[in-house]
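Colleague: Pasting the feature list from TrEMBL:
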type     : residues : note
TRANSMEM : 24-44    : transmembrane segment
TRANSMEM : 56-77    : transmembrane segment
TRANSMEM : 154-173  : transmembrane segment
TRANSMEM : 185-205  : transmembrane segment
TRANSMEM : 273-292  : transmembrane segment
TRANSMEM : 304-325  : transmembrane segment
TRANSMEM : 337-358  : transmembrane segment
TRANSMEM : 370-388  : transmembrane segment
TRANSMEM : 408-426  : transmembrane segment
TRANSMEM : 589-608  : transmembrane segment
TRANSMEM : 614-634  : transmembrane segment
TRANSMEM : 677-695  : transmembrane segment
DOMAIN   : 890-956  : domain 'Cyclic nucleotide-binding'
Amino acid sequence: MNSFFWVQREGNSSRTELLCGKTAGYTIVNGHFTMLVCFTIVLGGFLKTCLRNSEVIVLIILSVSGFMIGQLAHSFVQVHEIVYPLLKTPSFSLYCYFSPIIIFMAALDVDFYILKNMLWQVFLTGLISFVVAFIVIGYVVLRFNEESWDLQSCLLFSMTLGITDPIFSVNSLKTIGISKMYTDIIRGESMIICGFTSILFGLFRNNLLHISILRDLHVITGLCLGIFGSIICGYSCARIIQFILTDLFSNTLTSVILCISMVYLTFYVVESLGMSGMIALVTVGLNLDSLSFKPRIELTITKFLIMFSTVYQHLIYTFFGIVIGCGQNKYLGFHSMVFMFILFTTVNFVRLLTIVLVSPLLMRINYDYNWRWGIVIAWSGIKGVFSLLLAPEIHNLADQKIESPQMFLLYVQVISLMTMGINSYMMTHSARTLGLCAISLPRQMAMQNAIKHIQEIIQNTITLFKTEKILTNVNWTLVEEKTKIEYTIPFSHVSRGSETEESPTEEVLIEEARLHVAIIQMSSFEKQCNDGTLSVEAARILIGATKSYCPIQGKFMSIYDVSTYVRARSWLMKFKNMLTFLEYHKDKALLILYGNNKFLLFVYHIVFSEEFEYAGHVITLIYIYPMIVHLWPMARELNVSALMSINYYFVFLYIFQSALKIIILKRKYFREYWNTLDFFIMLLGIIDIFCIYFVKLRQDNFVLIQVTVILGYFRILRFIPLIKIIIPLLINIVDVQIKKRLHLMYSITKGYVKSQEDTKFLIKQISSRESIYQKLYEILETNKRDAIKELGLIEHEGRDVVIALKTRQAIRNVIAKALKNLTFLWSRGIIDKHEGIEMNKVLLRKIKALNDFPMAIPPPTPDKYLHNIVWLENKDVLIEFFKERAKLAYFDYGDVICKEGEMPQGIYLIISGMAILHSSPPTFGIDSSLRSDREFKTMFTEYCTSGDIIGELSCLLKREIEYTAICETILQVRNCLLLDILWFQACFISLEDLYEGFDVFWPSLEYKIWLKLALSIAYQYFESSLIDENLEFQKCAASNLAYVETLSSYNEMVIDNVTMKFVIIVYGSVIDTKTEVQYLAPCILPKTCEQIQGTSDLSKLLVIQASKPAKNTNDSKSTLVFEQPTENIIGREKRR
């Protein structure tokens, strides 16, 4: 079998040759090796439990224990019987048993998005590290080792000792708060060295590589196959694993078993194909991320991988300790101890030299890199299990066998343990000494804000619980004492060089806040993906773009940056335009022009028949064989007369075809480019025939012969018209790809808008400084507006695609809601386990069926959009009433739909296209004397797209419009009943018709419009507080879950603490009659309010009831249950 690790060496006898220890001089019986393995696992687990933060001490104890067992096995036959199965196990078998899981776990923890942006830098770092270790360590071993090691053994030993462990080398760096970028660089470098070393060792095992034949071509071929073939196999396996792990019907146990099984299967299959299983598993791990798993499965699989890798490490160090102990001790001496110290010094010197050489690359990758970080990273050259697993192969592949092969294992294992202990300590100590562990002041402020926020929530929760009757006898003093948070920020001392720094500059705070914003956005993308509102591909692109722009100082990622990152659809549009230009269009003449001319009518039916067109294509295809014969010199000489006859026949057919088309189309024939090409091919054919004729007459004319030969090659042009058949198919393929890109870009943009909204809710926790808060809000609001504009443009470009996407998402949301309700009923015991499982499968099948949902759905006709107005409630009587009165008005780009300060003429329901609104932030009916001028300096910009309504509030109040609406795309306004409108459309309902509807359907219609506006304002400003509330308009209107109360000036309203949950001012202002504190819309009233009084001419309050709604909607009592009862939440503060 031609593989790296499984090839039998020639000359091997049937008897197994042991690396260390004596062969069995007794009858081999079934021993108790399994008991030894279990004892090692138990001992390792016990030591790890007792020594939680001292992994190196655990490995030292296990290594020493293994060495002692090996010494006992060397002296006593009974112990030798136990360890003999280990001694006769081939070293490469141990490598195949243990390495797949460990390398896969290391690769899975690497952030591929970060690694992809600096792939060449990491590759160069790994290459430099490998070359430096290969040269320096090899020279030191040859120079200072007194044992008789040949050159090949020394170089193999240097490669083995040059491997940096991808797990232990970054564990200490994680504890000191180093950037993940550095840990990923170190892990990437380590995996590159591991992969390259495994390939070289495999070539040695296959006898393809020897020190004396390093320049052979088959070595380069083997390297290329081992690298690129392994990467391709690994990528394919990653897609299979991802498909398995994202299956909706797979359970957690099945996913874990399949994942681990596929890891081993991939390793063995790739190795059996003669490639590197190490590189294949690295590729698999890098191509899997948190989005490749179903929610909550990644944590389970990661725990299993950590468990297996920890057990494997304990077994490896114990087993190799046993193997070393089974050898002879006479080779251990003072020189061995000195040589170990020399090797340890050399390993660290090699690491330091590598960091010095790659420092320019690290400075280019991250602006924060400096010499202090270089010193810390220089201690990261920790050796681990991969060096140990490859160490036995040094002796197996050596040209000259030595008497003490266990010394290879001893040196590697001791250096591994020394680097784990000393280097890990030096990394942490250096970081603290150089001030790199100190948390920056902006981060300290952010952590203090978070701690303060948690303390406020705890205090508010205690205050709320004190009101419950069942908890009246609780010792609240003890509760407050036990729940008090006393958290000291680690490494909060001021770093070196910053003793004089009292407070960070605004630039530093903005930069720290930018990093927090990026983290919040990535969390939002992942949550949207897990909730099903964002596709995996879109979430992966957004997360990748965020991580790509995160290292750029001062850069807040905008939607245009994401578009650049995606490399969207521009080339597809250009390619489609080119194909549309080349598409063949039949330009039919009018049949009436030919009158009773039977010949012309006959020719007309022939020319424009499908059979005539296909016959021409079939004849062209048949001509392929004669053309091949013509281009083949030997065959051409044998078939000259036949080729000439066939050429005459085909030219005649071209002349006949062109003549018929010219008779019918006349001058129109040359308007089509394909007809012009056919005519040109026909002319070349005629010229070709005449040239052949003249060559027969004058066979001595060399120039004429050359021209004839060249024209013969031009016959290839006769196959160009066949492209006409392919073009319609290519156009359909490009259309599908364009729709996919539009679908993807719309999903990306929608997810980006949602992340901006999620971030705005948390920016108060990022920075408590008002100026920073203001700048962050402005940046986020600007980016959100740009994204909404992009949504409108995408929707205008592909309405059918966006409609399909929105429909699919609506179905997904409905099913997700049903799954949530099913889980609730299942958890309460209303549905038993079997019924719950079956119903869950039904709903999951519906979600899976959405994968086949059509990519595009034709847009509905304008009159159908009236069904989408929520306050019409899809009632036929209301829809018919407004359908008779609705109109459409034409708007061109830049036209003003309505102007600020003017009286409203009616409302506009946008059918397609986009409009932009310019104004100051909305006043919400608050008198100018009560408003803060600072809050209303910034101009407010908003984009309205299909389905939005312009002018509702102004029409309800009959007051001046507070914004200017300008058309951003071509608008057409016609009768709402027309069915073939292709551009921007907006159904217009005049103010008179609207109020006529109010009179006819009084009072429900006007109230429902207010309810719709109140709900939208509440969700816009207080989504985080209402996230657990199911405030759908239809449900609120039907079951009175939420309703609108009206307060005019000086009218009072009593708040009941039993029947209501939230009271939100959505328009106007009120005052607390007890404390005389004024609350301006939009605002959630605090729990301390018991009675309020209106202070505006008109105030509207949204009352959200408790679980049991009140019987009377006019009851003026409500209760409040929210997280911070002592603090009023003012919506306008979110806009600053």
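Note that Cβ sites are derived from N, Cα and C of the backbone, with glycine treated the same way.
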Colleague: Taking helix as H, G and I and strand as E and B in DSSP, count the residues of the domain 'Cyclic nucleotide-binding' (890-956) in helix, strand and coil.
Modeller: 12 helix, 23 strand, 32 coil
Colleague: Test the contact criterion for the transmembrane segment (370-388) and the transmembrane segment (304-325): 3 or more CB pairs under 8 Å, pairs 6 or more apart in sequence, then answer yes or no.
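Modeller: They do touch: at least three Cβ pairs between the two stretches lie under 8 Å.
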Colleague: Could you tell me whether the transmembrane segment (677-695) and the transmembrane segment (154-173) are in contact, taking contact to mean 3+ Cβ pairs under 8 Å with a sequence separation of 6 or more?
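Modeller: Answer no: the transmembrane segment (154-173) and the transmembrane segment (677-695) share fewer than 3 Cβ pairs below 8 Å.
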Colleague: Counting only residues 6+ away from its ends, which parts of the chain sit with a Cβ under 8 Å from the transmembrane segment (56-77)?
Modeller: 21-22, 26, 36, 40, 43-44, 47-48, 83-84, 313-314, 317-329, 413, 417, 420-421, 424
Colleague: Per the definition of 3+ C-beta pairs under 8 A with sequence separation of 6 or more, do the transmembrane segment (304-325) and the transmembrane segment (408-426) touch?
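Modeller: Stretch pair touches.
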Colleague: State the mean pLDDT for the domain 'Cyclic nucleotide-binding' (890-956).
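Modeller: Value for the domain 'Cyclic nucleotide-binding' (890-956), mean pLDDT as a whole number: 78.
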Colleague: Excluding the flanking five residues on each side, which residues at least 6 beyond the ends of the transmembrane segment (185-205) place their CB within less than 8 Å of a CB in that stretch?
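Modeller: Tertiary neighbours of the transmembrane segment (185-205) are 3-5, 7, 9, 92, 103, 106-107, 109-110, 115, 118, 121-123, 125-127, 129-130, 156, 159-160, 162-166, 169-170, 173, 219, 222-223, 226-227, 230, 276-279, 282, 362, 365, 377, 380, 386, 390, 393, 397.
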Colleague: For the transmembrane segment (337-358), find every same-chain residue at least 6 residues outside the stretch whose CB is under 8 Å from a CB in it, and list them.
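Modeller: Counting only partners 6 or more residues beyond its ends, the transmembrane segment (337-358) has Cβ contacts under 8 Å with 121, 124-125, 128-129, 132-133, 136-137, 140-141, 144-146, 161-162, 164, 374, 377-381, 383, 411, 414-415, 418-419, 422-423.
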